[in-house]
Structures are given as C-alpha cells and as structure tokens.
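*Asks:* Pasting the feature list from Swiss-Prot:
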- 2: active site, schiff-base intermediate with DNA (ACT_SITE)
- 3: active site, proton donor (ACT_SITE)
- 57: active site, proton donor (ACT_SITE)
- 92, 111, 152: DNA binding site (BINDING)
- 237-271: zinc finger (ZN_FING)
- 261: active site, proton donor (ACT_SITE)
C-alpha cells in the first residue's frame, strides 16, 4: 500500500509536468473506486492547475475550478505519458487527466480502492478535517507526542499510525521507526517516556526523509511516475524480514498481528518491559 513517501514521490514526479497547464479533459473509465468518482471532474475542462501538494496520503491537485483529491488506495499508481506516445490502455488504467499541451496523467489501480474526489477547497473537505500534523513538519515534536500519549492504553504502533495523532506513518515506516527507536510495538502509548518520545519523533522524521529520497518502498504495486521502482525496500531493517537475523544483534526477527496489521520487530533490540 502506498504510504507517505510513495505519495510524496508521486507528487514530486508529476508536478513539473502539470502545474501551470490547462486541463483538456478527464477521462473516467471506471467510475466505481473506493467511493464513486466525483461527477464534477467532467466539468473541469479549461481549468488551470495551480499547485499539486500532499496532505497525509492524499494528493491535492489544486485548480481554479476546485480541487481534486487523489488517494492511491492499496495498489494505485500515477504515470506521466504523452498523447503522442499513443500507449495502449491497460485494463487497470481507470482515469486519464489530459492537459491541453498533450500530457496525460494516468491512474492505474488493479484493486480499485483508490479515490478521485472533487472539493471546492481541499482543506475544508471532510476527509481532511480531523487530521493530525504532518510528521516532517515543525508541529510534530516530542513534546506534542508525549502529551498526546498520556492516558492512551493503545499499543504504541497503533498510536503512531493513527492519523488523528500524526498523518502518514503507515505500517512499513511504523515498524522501521520503532525498531530504530528500540521500542516494542506493543508498548502502551501511555508508558512512553519523554526521552523515548524524543527518540521516536527523530527517527520517524529520519526514516520518512530517507524513504522519500530513495523514491519510496516497492513491495508489490508501487511504481514511481517515471516507471522506476522505489528503492527503500533494499534497506528495510525489520519489515517483511520474519525469520531473518537482525542486522544489529543477530537475533531472529519476529512478527505478530497488532491492530490487524503484521508487525515486525527484534525481540532483543525492542524489549517489552514487564
């Protein structure tokens, strides 16, 4: 599933081709994704794309005729093509945004769990209304995390994956960050110390920044807009490595379902206090 670094990579990849361009048409081949594709997309002919930015795992295509909210879902990806290429349509190519200068933004989604919605202003849309701070922003601090964790009995892994606390820390990067911080994923959030919060915030920022630089993580479906895979999978420390040796201590990486998600951790480097 594309997480924050993958969405950020997609945003950076498509922006140079689209910002400042006018929309010629939006072709919707599959109107039923996670939610029905907004009918307003058919009225955006002539709209100028002002900016493309990311909020949580949503890509916002801001235009002078309203904003398009795109979520990649479980298996979605965006590619940039030229009308001149005349590339064949894949059965999973559900939406094309075509600009007047001949650029195609093509949305491919085998599992059809993504989102293409219209809003007059994205920031006031219900989907974005109750989100926590961005993890790479100055608002996400150790003091903030410590304060939010008080009286929270939920496992710390679930806690940092809660978008109301902080956005965009998905399963892969939660596992990796907790390993780097030396924190067991089942530790109750309320038991985090101020020092642990400081370390955790630091490594979350480090892990996400590194993943963005390397183009995201390619595990199953994610491909960058230029067709290249992400490379962060090559340096994963615990995620997907059940039964393998820990790179730090040599112990065997374990896996457990926490909050309906597979969680990977080192039992020695991430001890759970008794």
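Glycine is treated like the rest: Cβ placed from N, Cα and C.
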*Asks:* What residue among the recorded positions 57, 92, 152, 261 has the most other CB atoms lying within 10 A of its CB?
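*Replies:* Answer returned by the neighbour count: 57.
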*Asks:* Name the one residue among 2, 3, 57 whose Cα is closest in three-dimensional space to that of residue 92 (DNA binding site); these are the active-site residues.
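*Replies:* Going through 2, 3, 57 one by one, the Cα closest to that of residue 92 (DNA binding site) is 2.
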*Asks:* If I take the alpha carbons of residue 3 (active site, proton donor) and residue 57 (active site, proton donor), what is the distance between them in whole Å?
*Replies:* 6
*Asks:* Among 92, 111, 152, recorded DNA binders, what is the largest CA to CA distance in Å?
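*Replies:* Site span for DNA, by Cα atoms: 42 Å.
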*Asks:* Which one is it, among the active-site residues 2, 57, 261, that lies nearest to residue 111 (DNA binding site) by Cα separation?
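*Replies:* Of the active-site residues 2, 57, 261, 2 has its Cα closest to that of residue 111 (DNA binding site).
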*Asks:* What is the nearest of the recorded positions 2, 152, 261 to residue 57 (active site, proton donor), using the Cα of each?
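*Replies:* So, of the listed recorded positions, the one sitting closest to residue 57 (active site, proton donor) is 2.
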*Asks:* Between the Cα atoms of residue 152 (DNA binding site) and residue 2 (active site, schiff-base intermediate with DNA), what distance do you get, rounded to the nearest Å?
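*Replies:* It is 28 Å, counting Cα to Cα.
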*Asks:* Could you find out if DSSP has residue 261 (active site, proton donor) as helix, strand or coil?
*Replies:* strand
